[in-house]
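Colleague: Take a look at the following structure, please.
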Amino acid sequence: MKTTGTMLLILALAAIVALCASEEEKPCCPHHKKAATMSPAKEFTSPTLSTTIPVTNHTTLAPTTNHTIPMTNLTTAAPITNHTTHAPITNHTTHAPITNHTTPAITNHTTPMTNHTTHAPITNHTTPMITNHTTATTPAPMPTPPAVLEVADYNVKKGTVVCVRARLAIQLKIQYKVTGGKQSWGMFIVQPNQTTASGSCQDKQATLKLNFKEGSITFLFQKDNNTVFVKSIKAEVNYPFTNTESHFSASNNSLSVFGAGIGRSYSCKNQSVMINSGFYLETSQQQVQAFNITKGDFGPADFCPADQPNYTIAIAVGVVLAILIVIVIIAYLISRRRGQAGYQTL
C-alpha cells in the first residue's frame, strides 16, 4: 500500500509539472496578457511558486489523473494470467472418465450377452416338447370318422316291400385299457357314406345289419301280438384306440328296446343302450319301424319316455285354478247372504 501511495504521489507531481509546462507553452490568455503588460519578464518568472500553487490544487482535484491510475492498476492486477493458469480445463480433461467408462461398459455389457446366449434353454425346450408331444399322440390316435354325427336312412326289403326301416345317427362308446391297467373310453362314429345295410324278414323276426370298414352292428327285431321291439344287438369294431387293444365286440340277447305298436314307428331324439358294461350304443334323431310298413313310409310315432309330453305341470295349474274359483264363488255367496239378512233386520 505504501508503494502504491508513493507511486500515486510521484505520478501526481509528474502530472502537475507536465501541466505547468503545457500552460507555459500555450498562448497567453487575457489574464496572462494583463500580467505580461504590468510586469517585466523577470517578475513573471520569479513568482513561479505563487502561480504553481493554485494550478497544483486545481489539477489535484481533477479526476482525470485518478481515472488513469486505476486503469493501470486494473490492468496490472487483473487475474487474467492467474485465471488462465488455474482454469480446470486441463485437469477436467485429464480426469474425465471417458476412457474408463467406455472400456468397462462395452466389455461388461458384451460379456453378459454371451453368457445369456450360452444358457438360453432353446435347445432344451425344443427337444422335450417334440419328444413328449409325439409320445402322447402315438398311443391314442383320433378315430378316422369325423366327430360329427350324421343321420342316415337304412332299410331292408323282402322282395320289393320294405320290411325294416331305420333313420338314425349311431356312435359306439367303448371302454379300453391304457398303460398301467387303467380304463378309458373311446367314441366310434358310424359313417353313413361308408356303411351299407343288409338283413332279412320273417313272420315274427327281422334283422338289420349295418356293415362298415371297421366292423358291423346287427339288430334283431321281435314281433309279438301287439308290439314290435329290438330283442338283440350285436356289435363288433376293429379300431386301435391304443397299442395294446384294437378289437372290441359285445352282444346282448335279452333286450327290450325301441318298442312300438304294430304298424307304428318308434321315435326318440337321444338314447343310449348298454350292450354290456364296457360297450354302449348311442343313437340320435332316431325313428325305427319293422313290419307293416305301408309304401315304405313310417307309421304314427310312439315316443320314448324322454320325448313324451309331460302334463303334470298343466294338471297342477288347472287344479289350483279350480280351487281358487270355488273359493271365490263361496265367498260371494256368503257375502250375499249376509247382505240379505241385514235388509230383513231393518
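Backbone N, Cα and C define each Cβ position, glycine as well.
Among the features that TrEMBL reports, disulfide bond is placed at Cys163-Cys201. The feature domain 'Lysosome-associated membrane glycoprotein 2-like luminal' is assigned by TrEMBL to 150-293. The feature domain 'Lysosome-associated membrane glycoprotein 2-like transmembrane' is assigned by TrEMBL to 313-344. If you look up TrEMBL, you'll see 1-22 marked as signal peptide. Residues or ranges marked as transmembrane segment by TrEMBL: 311-334.
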Colleague: How many of the residues that make up the domain 'Lysosome-associated membrane glycoprotein 2-like luminal' (150-293) does DSSP mark as helix, as strand and as coil?
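Modeller: Here the numbers are 3 helix, 101 strand, 40 coil.
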Colleague: Can you count helix, strand and coil residues in the domain 'Lysosome-associated membrane glycoprotein 2-like transmembrane' (313-344) using DSSP?
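Modeller: Going by DSSP assignments, the domain 'Lysosome-associated membrane glycoprotein 2-like transmembrane' (313-344) contains 32 helix, 0 strand, 0 coil.
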Colleague: Mind giving me a neighbour count for Cys201 (disulfide bond)? Other Cβ atoms within 10 Å of its Cβ, every protein chain shown.
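Modeller: Excluding its own Cβ, the number within 10 Å is 20.
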